[in-house]
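According to TrEMBL, the protein carries these features:
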type    : residues                                                      : note
BINDING : Gly24, Pro25, Ala26, Gly27, Ser28, Gly29, Lys30, Ser31, Ser32 : ATP binding site
DOMAIN  : 20-231                                                        : domain 'Cytidylate kinase'
Amino acid sequence: MPDTPFAETGVPTTEAPVTVAIDGPAGSGKSSVSKQAARVLGYGFLDTGAAYRALAWRVLEQDRDTADADAVVAALDGFDYAISLDPDDHWVRVGDTFVTDQIREPRVSAAVSGVARVPAVRERVNLLFRALVAASGAAGVIVEGRDITTVVFPDAPVRILLTASPEVRAARRSAELTGEDAAAVAEALHRRDASDSQVVDFLTAAPGVVVVDSTDLDFDRTVDAVIDVVRTATGEN
Ligand SMILES: Nc1ncnc2c1ncn2[C@@H]1O[C@H](COP(=O)(O)OP(=O)(O)O)[C@@H](O)[C@H]1O
Ligand SMILES: Nc1ccn([C@@H]2O[C@H](COP(=O)(O)OP(=O)(O)O)[C@@H](O)[C@H]2O)c(=O)n1
């Protein structure tokens, strides 16, 4: 884990950023929509799924199985993880290796749920997420994942559940993965959602969480809908 000013001093270096918490299932648009909304708002952007994916990547690099909780916990040892919060310069690093693209590969997607169900992993990355936001120096940070509105930042002033129908989500993910069989992509996405939803509930909005359903919205309208929620909640309208 990287040292941050927050981790070193125990106090944020700047006034606390406005935290925008966004949860939702795979393919709902969390990452792409959050990144674009962050650009427009001048905020940082934190993709929390990248940490789980990077740890899954490390377990696979060690020729071990993410279904083996002991192997996952062992991979946490020396897990030197860093991520950019700049929406215009997104990268993810483990040690000296930039893994930004590798962690999106289907083999990592297929393995990541094993990592996410280990409580020691969740505790460790949640501390890191809070430290990264506190030390960001940004006016605001959009943080997206599965349990951000409920566990990581339950008191965030803006909390959104971004949804879309299962068919639409599978079609979007399949369009990204050219060369992969569409039915296999859909099957993998639904299998991962089913596994992940045993760990956290990202299909129901917790009290106070605003639902943005993008099933019938194109990308730009979805970004606008998210920005509207942020501006309304922060009184910037
Ligand atoms: N409202 C939308 N309409 C059409 N395509 C979208 C929309 N939102 C996101 N996408 C596209 O769907 C794909 C999956 O989005 P992504 O942000 O990776 O979802 P998630 O992070 O929730 O898995 C991306 O290619 C993205 O550009
Ligand atoms: N806050 C989070 C974020 C991701 N995850 C896990 O990390 C995996 C990858 O998350 P992701 O956001 O990159 O996945 P996509 O929605 O982009 O497909 C998920 O399938 C979950 O297993 C989690 O458990 N909690």
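From the backbone N, Cα and C atoms, a Cβ is placed for every residue, glycine too.
Applying an 8 A CB threshold to same-chain residues 6+ apart, the list for Gly24 (ATP binding site) reads Lys30, Glu144, Arg146, Leu161, Leu162, Thr163, Ala164, Phe202. Checked against ligand 2, the binding-site residues Ala26, Ser28, Ser32 give Ala26 as the ones with a Cβ under 6 Å from it, listed in sequence order. Other residues of the same chain near the ATP site, with their Cβ within 8 Å of the Cβ centroid of Gly24, Pro25, Ala26, Gly27, Ser28, Gly29, Lys30, Ser31, Ser32, are Val33, Glu144, Leu162, Ala164, Arg169. Residues near Ala26 (ATP binding site) in space but far in sequence (CB under 8 A, at least 6 apart, same chain), listed by position: Arg169, Arg173, Leu189, Arg192, Asp193, Asp196. All chains included, 29 other C-beta atoms sit within 10 angstroms of the C-beta of Ser28 (ATP binding site). Long-range C-beta contacts of Ser32 (ATP binding site), restricted to its own chain and to partners at least six residues apart, with a cutoff below 8 Å, comprise Phe219.
Lys30 (ATP binding site) falls within a helix when secondary structure is assigned with DSSP.
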